[in-house]
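Supplied in structure tokens, the structure appears directly below.
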Amino acid sequence: MSDPRIIVALDFPDAKQALALTDRLEPGSCRVKVGKELFTAAGPHVVNEIMAKGFEVFLDLKFHDIPSTVSNACKAAAGLGVWMMNIHALGGRRMLSAARQAIPAGTAKLIAVTLLTSMERSDLNEIGLNGDPQEVVQRLALLANDCGLDGVVCSAREAPRLRQIMGKGFCLVTPGIRPVDASMDEQKRVTTPRQAIENGADYLVIGRPITQAADPVSMLKQLNNEIEEGMGFKI
Ligand SMILES: O=C(O)c1cc(=O)[nH]c(=O)n1[C@@H]1O[C@H](COP(=O)(O)O)[C@@H](O)[C@H]1O
């Protein structure tokens, strides 16, 4: 597979468990994500070890701070040689632009988290966000685009409209992916892998449905097949 669409979320409490899984996976069949749990426990070393196995890494630390802190954190992430990193769109225009300046386009992909896939309409009012998830995500995606970011993290439910507005070059990364019959866990804005691809998502972040499967390797294969079938219908 030249451009694997699945990013396996390595949400593990230590490097040993993360590396045990990457030992069983092929870099040609997926990319991997190192997030807050694994990075806090194991640090940059585990990122280097995973990259040394040939995997492209999405460093998911969702930076959200004052512009100088975020731009310096992004530089440090780029220094690790990761393929993709994210910051939080709610950090606003100045933070997003500072990050973009720190990470020139064409190096690591810099994307903005819009609204977490664990949130639904009823969560928005409480934190002072007006509109439904589609509107909020759209507003933040337009802001990210305006600041020159490479794309956003959103749910695949919002992807069709974003693809329509942003065109093909804007990268849509979608967590909240659940095969039919899988447990939702805390995810609220969810689609199946095939639906996500058909909706225009570029990359699908999938954690527990793969990492907690009895056989993660065959589950990944099954989900890749499902995505392959959906590619012909991708927006
Ligand atoms: O930025 C992310 O990757 C992210 C954004 C978001 O809105 N929702 C979301 O679930 N994620 C991440 O995607 C992964 C989803 O994992 P599962 O729910 O186990 O498939 C987790 O590592 C989350 O941290």
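Cβ coordinates are placed from backbone N, Cα and C, and glycine is handled just like the others.
TrEMBL lists these features:
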- 5-223: domain 'Orotidine 5'-phosphate decarboxylase' (DOMAIN)
- Asp11, Lys33, 60-69, Thr117, Arg178, Gln187, 207-208: substrate binding site (BINDING)
- Asp60: active site, for OMPdecase activity (ACT_SITE)
- Lys62: active site, proton donor (ACT_SITE)
- Lys62: active site, for OMPdecase activity (ACT_SITE)
- Asp65: active site, for OMPdecase activity (ACT_SITE)
Within 10 angstroms of the C-beta of Thr117 (substrate binding site), what count of other C-beta atoms is obtained when all protein chains are considered?
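For Thr117 (substrate binding site), the 10 Å Cβ neighbour count is 25.
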Cα-Cα, whole number of Å: Asp11 (substrate binding site) versus Asp60 (active site, for OMPdecase activity)?
11
Reduce the DSSP letter at Pro67 (substrate binding site) to three states and note it down.
helix
Looking only at the domain 'Orotidine 5'-phosphate decarboxylase' (5-223), what is the model's average confidence as pLDDT?
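Value for the domain 'Orotidine 5'-phosphate decarboxylase' (5-223), mean pLDDT as a whole number: 97.
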Hey, what's the Cβ neighbour count for Leu61 (substrate binding site) at 10 Å?
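The answer is 18.
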Taking DSSP as the reference, which of helix, strand or coil describes Thr117 (substrate binding site)?
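SS state of Thr117 (substrate binding site) = coil.
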Based on a Cβ-to-ligand 1 distance below 6 Å, what subset of the recorded positions Asp11, Asp60, Pro67, Thr117, Gly207 would you report?
Asp11, Asp60, Thr117, Gly207
Which ones in the same chain are close to Pro67 (substrate binding site), with CB under 8 Å and 6+ residues apart in sequence?
Gly91, Arg94, Met95, Ser97, Ala98, Ala99
Could you tell me which three-state DSSP class Asp11 (substrate binding site) falls into?
coil
If H, G and I count as helix, E and B as strand, and all else as coil, what does DSSP give for Gly207 (substrate binding site)?
coil
Counting across all protein chains shown, how many other Cβ atoms sit within 10 Å of the Cβ of Gly207 (substrate binding site)?
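I get 19 for this one.
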Among Asp60, Lys62, Asp65, these being the active-site residues, pick the one whose CA is nearest to that of Gly207 (substrate binding site).
Asp60
By Cβ count within 10 Å, point out the most packed of the recorded positions listed: Asp11, Asp60, Asp65.
Asp60
Around His64 (substrate binding site), how many other CB atoms lie within 10 A of its CB?
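I get 16 for this one.
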